[in-house]
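Copied over from TrEMBL:
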ACT_SITE  176  active site, proton acceptor
BINDING   8, 9, 10, 11, 12, 13, 33, 96, 119, 120, 121  NAD(+) binding site
BINDING   83, 89, 121, 152  substrate binding site
DOMAIN    2-143  domain 'Lactate/malate dehydrogenase N-terminal'
DOMAIN    148-305  domain 'Lactate/malate dehydrogenase C-terminal'
Ligand code: LMR
């Protein structure tokens with residue numbers, strides 16, 4: 001039986017659990033929250049949708065009962081605060097790092113073999129926090145951001161080209177913030193280089209909009225997005241539990257790849273039953289390398305802030 005735990009029954013966690021169940025990605029989803037009755041209610045609602053849509057994944061909700069999450073194959077951690085208008089993701093570091101630390105330790109106690117996917121922000125540094133707390137192999141602790149960021153990029157391109165978003169393949173690297181590095185050189189429409197189909201100014205505007213894609217939604221809704229983030233996390237779970245070996249941009253600790261060490265950044269990987277099966281190293285040009293370096297140095301600064309907070313704790 002494939003069992004997946006989603007920690008945090010807020011908008012992102014509940015959407016992820018809903019996609020996992022609706023698409024029958026696993027046999028059981030356990031949704032956990034600290035707010036009394038919240039996860040139970042959301043799980044019940046998802047279970048009651050099953051006869052209408054037609055799926056048989058079992059959905060269970062619990063309030064803080066980590067024993068019920070035991071022996072999960074994959075755990076998605078969405079816990080923590082979302083941002084409000086005017087905030088950056090990095091502003092959440094103090095609150096969310098404590099939560100991610102605590103949740104990861106409880107998860108590991110009951111599911112030592114689980115592969116962990118972090119969704120909480122600031123994403124790259126929360127992946128670092130979970131990796132430290134879990135003491136697991138780096139291939140088994142990863143962050144979800146690249147699928148979401150490329151999804152935004154692909155959706156904007158699909159709209160501009162008046163074409164199905166399914167036809168657009170893209171890769172994007174770097175941190176989950178304004179320094180992220182969309183890669184037009186590695187973007188195709190059914191195999192056709194996107195640069196042959198759209199003019200440079202339009203493409204530049206789409207790249208810039210993608211970088212600020214999360215903020216655009218925060219401004220519109222007063223809180224962070226959830227449909228695309230929840231679905232993106234579920235897609236990573238699917239690649240792992242079905243051993244699909246799909247290629248996605250995923251946040252992982254780099255250990256010499258791209259000449260970067262000890263930093264958590266989004267890079268293209270093959271995702272399968274062991275988690276990160278392989279990190280793919282692209283032959284970046286000088287401009288792309290420079291953008292990746294800017295992103296690395298920003299993420300490293302936030303990692304340093306996290307280290308200082310931890311040392312003072
Ligand atoms: C997103 O990109 O939607 C998330 O990281 C949430 C946020 O605050 O932007």
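Heads up, the Cβ atoms here are built off N, Cα and C, so glycines get one too.
It is 8 that, of the binding-site residues 8, 10, has its Cβ surrounded by the most other Cβ atoms within 10 Å. Across the residues annotated as binding NAD(+) (8, 9, 10, 11, 12, 13, 33, 96, 119, 120, 121), the widest Cα-Cα separation comes to 17 Å.
Other C-beta atoms found within 10 angstroms of the C-beta of residue 12 (NAD(+) binding site) number 28, with every protein chain shown included. Across the structure, residue 10 (NAD(+) binding site) and residue 83 (substrate binding site) place their CA atoms 13 angstrom apart. Proximity to ligand 1 at the level of Cβ atoms, with a cut-off under 6 angstroms, picks out 83, 121 from the binding-site residues 8, 10, 33, 83, 121, 152.
Between the listed binding-site residues, namely 89, 152, the fewest other CB atoms within 10 angstroms of a CB are found at 152. Relative to residue 89 (substrate binding site), the binding-site residues with Cα atoms inside 10 Å are 121, the candidates having been 8, 12, 33, 119, 121.
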